[in-house]
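Report on the following structure.
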Ligand SMILES: Nc1ncnc2c1ncn2[C@@H]1O[C@H](COP(=O)(O)OP(=O)(O)OP(=O)(O)O)[C@@H](O)[C@H]1O
Ligand SMILES: [Mg+2]
């Protein structure tokens, strides 16, 4: 197996539109030295989204996933990326360390999407996506179950608590991978036990 070069983990923050992905990514990037990799920005910058032909939803972009991966492959190999995107199964599991599926109460999400001006089919489809747990299923199918965690994002305090939890997980990841303080912890007989994993203590 090729040696993992990244000195910081790659974390996916995914979920239905409006659940709070970007809110989490921004706060997490501020709290850590990780980089907020906003896929919406990548799509715009590299012009790899085609406008939807759906007359109800002309602003939605259909993204060429192969080209997207080409654009971010180097970043992922380097590590330390917080990936902000409403899909997750396109990222190669070997380059991903943690998948957070952000969740939100249906009524609250409905209000958030309405406030954005979503209506009709678009509102309905996004609500169905959350109700049917589409992103959670997608994450569980694409990645090992011990990499996938659900995070609630309903109140401001939820974001604070989730970010703190991910920060602890990052610290543990660095210890487990011998990336802390430049010392090789694993070579000294360190390394993580599952019960030390702060993301899954209550999961
Ligand atoms: N935990 C929370 N408490 C209060 N407000 C929240 C919370 N999470 C998100 N919000 C609010 O909900 C709205 C949507 O959040 P955000 O933009 O982070 O969602 P998103 O998942 O990135 O959406 P998109 O997929 O469209 O990019 C914002 O107005 C944000 O302030
Ligand atoms: Mg967003």
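One-based numbering along the chain as shown.
Glycine residues also receive a Cβ, built from the backbone N, Cα and C atoms like all the rest.
Any TrEMBL annotation is an automated prediction that lacks curation.
As annotated by TrEMBL, ATP binding site applies to 18, 20, 21, 22, 23, 116, 155. In the three-state DSSP reading, residue 155 (ATP binding site) counts as coil. The 10 Å shell around the Cβ of residue 155 (ATP binding site) contains 10 further Cβ atoms across the protein chains shown.
Feature annotation from TrEMBL assigns compositional bias 'Basic and acidic residues' to 174-196.
Under 8 Å from some Cβ of the region 'LID' (115-125) lie the Cβ atoms of residues 18, 56-57, all in the same chain and six or more residues away from its ends. Summarising the annotation, TrEMBL assigns region 'LID' to 115-125.
The annotation region 'Disordered' is assigned in TrEMBL to 174-203.
Taking a Cβ cut-off of under 6 Å from any atom of ligand 1, the binding-site residues 21, 22, 23, 116 reduce to 21, 22, 23. With DSSP states grouped into helix (H, G, I), strand (E, B) and coil, the region 'LID' (115-125) comes out at 7 helix, 0 strand, 4 coil. The 6 Å Cβ screen around ligand 2 retains 21, 22 from the binding-site residues 18, 20, 21, 22, 155, ordered by sequence position. Binding residues for ATP (18, 20, 21, 22, 23, 116, 155) extend across at most 18 Å, taking the greatest CA-CA distance.
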